[in-house]
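Quick look at what TrEMBL lists:
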- 1-42: region 'Disordered' (REGION)
- 45-112: domain 'Histone-binding protein RBBP4-like N-terminal' (DOMAIN)
- 110-141: region 'Disordered' (REGION)
- 121-135: compositional bias 'Acidic residues' (COMPBIAS)
- 257-292: repeat 'WD' (REPEAT)
- 304-338: repeat 'WD' (REPEAT)
- 349-383: repeat 'WD' (REPEAT)
Amino acid sequence: MAARRGRRRTCETGEPMEAESGDSGSQGGAQVYLPGRGPPLREGEELVMDEEAYVLYHRAQTGAPCLSFDIVRDHLGDNRTELPLSLYLCAGTQAESAQSNRLMMLRMHNLHGTKPPPSEGSDEEEDEEDEEDEEDRKPQLELAMVPHYGGINRVRVSWLGEEPVAGVWSEKGQVEVFALRRLLQVVDDPQAMATFLRDEQARVKPIFAFAGHMGEGFALDWSSRVPGRLLTGDCQKNIHLWTPTDGGSWHVDQRPFVGHTRSVEDLQWSPTEDTVFASCSADTSIRIWDIRAAPSKACMLTTATAHDGDVNVISWSRREPFLLSGGDDGALKIWDLRQFKSGSPVATFKQHVAPVTSVEWHPQDSGVFAASGADNQITQWDLAVERDPEAGDAETDPALADLPQQLLFVHQGETDLKELHWHPQCPGVLVSTALSGFTVFRTISV
């Protein structure tokens with residue numbers, strides 16, 4: 001929404017932010033468009049993306065839409081800012097028929113930055129060079145798919161030593177673990193891809209499956225501290241702990257963690273303690289657990305009414321003792337775990353006008369987070385930003401006067417947003433999935 005203080009403040013959003021009108025009587029031509037605030041678009045008005053608000057912006061389609069995905073950490077290095085970028089995603093489809101679904105590995109590469117506008121007075125020779133340059137700058141997508149019976153509700157990737165694996169929650173009521181090494185190999189190698197498609201694709205099966213949940217679910221999280229340790233939660237209110245065993249398998253504790261009274265929507269392991277995790281539920285609560293206790297007694301802290309409605313998603317900061325939550329009420333709340341017993345968040349932000357579908361803290365910047373909503377907005381926030389009284393935002397544009405001062409940027413243009421993730425190795429790069437496909441972007445604000 002706005003760049004940080006000291007940088008250019010932007011009121012443009014991603015796919016589109018400004019409303020342009022052909023009506024010569026309209027004031028000032030282009031105007032800021034804010035979802036849920038101000039009048040709706042009039043006849044003859046359209047939303048136009050401001051490319052200057054982006055460092056990077058790309059979209060990709062995969063056929064059937066993906067409800068969930070995860071970014072696969074790669075060996076290309078950390079803190080990558082040099083363009084063009086390459087990245088790897090693991091995703092699962094929600095196709096119209098159960099047998100049409102796929103688990104996919106995507107390699108997106110040759111991702112260049114947004115192109116600066118052409119300078120005035122450019123000649124024909126420069127135009128030809130631009131066309132050649134345009135061809136070189138085309139983004140590339142390699143895709144390796146394996147059959148999966150049933151729509152995929154959630155995908156989470158982890159590395160077990162040198163072996164990448166994906167935990168997959170599906171609508172058929174099973175949680176499966178797939179090995180990803182071969183899929184990563186083939187998206188990098190055209191010859192290996194040909195062999196895979198011819199001889200291997202149809203035979204790929206999970207390396208482990210658990211059908212003890214007795215129904216479908218969405219909640220899934222790998223421990224970042226204990227390789228292979230996994231939590232899965234279902235729509236029947238149960239949470240199960242998976243412990244890796246010798247030989248590349250898992251022992252799943254049949255005794256569920258007891259506490260929630262409705263569907264478990266999301267799970268997050270503590271980034272600092274091996275045995276502690278958080279959960280949120282459609283029962284409006286957020287709970288903190290310790291697996292050292294018996295499952296029936298493991299719930300240590302509870303905020304019973306964390307949101308006015310379902311609590312859909314949580315994210316545990318890797319740098320501060322903060323938990324971020326998003327609910328059906330459209331609110332984003334920050335909980336200080338040192339004060340969790342109080343039952344009150346330390347901050348509440350309201351910009352989304354529909355249920356929040358995904359939240360995530362920035363992996364490097366402790367005060368920055370992003371959220372997506374069913375209102376087709378992705379918002380970026382920075383807790384460290386304070387409105388500069390000398391900037392005069394409210395005077396220049398009254399529409400901005402009542403916006404939360406920590407709101408950095410509003411990205412639009414997607415349809416039915418489901419999930420977003422910051423790239424852990426490419427600072428500021430966000431990836432989202434929606435009914436309209438994948439989007440990879442970096443704004444000038446983060």
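The backbone N, Cα and C atoms fix where each Cβ goes, glycine too.
Residue counts for the domain 'Histone-binding protein RBBP4-like N-terminal' (45-112) under DSSP (helix as H, G, I; strand as E, B; rest coil) come to 6 helix, 36 strand, 26 coil.
With DSSP classes pooled into helix, strand and coil, the tally for the repeat 'WD' (304-338) is 2 helix, 18 strand, 15 coil. Residues 224, 263, 265-271, 278-282, 284-286, 288, 345-361, 363, 366, 369, 371, 373, 375, 379, 381, 383 of the same chain, all 6+ positions outside the repeat 'WD' (304-338), place their C-beta atoms under 8 angstroms from a C-beta of that stretch. Note on the repeat 'WD' (257-292): DSSP counts are 0 helix, 18 strand, 18 coil. Counting residue by residue with DSSP, the repeat 'WD' (349-383) contains 0 helix, 19 strand, 16 coil.
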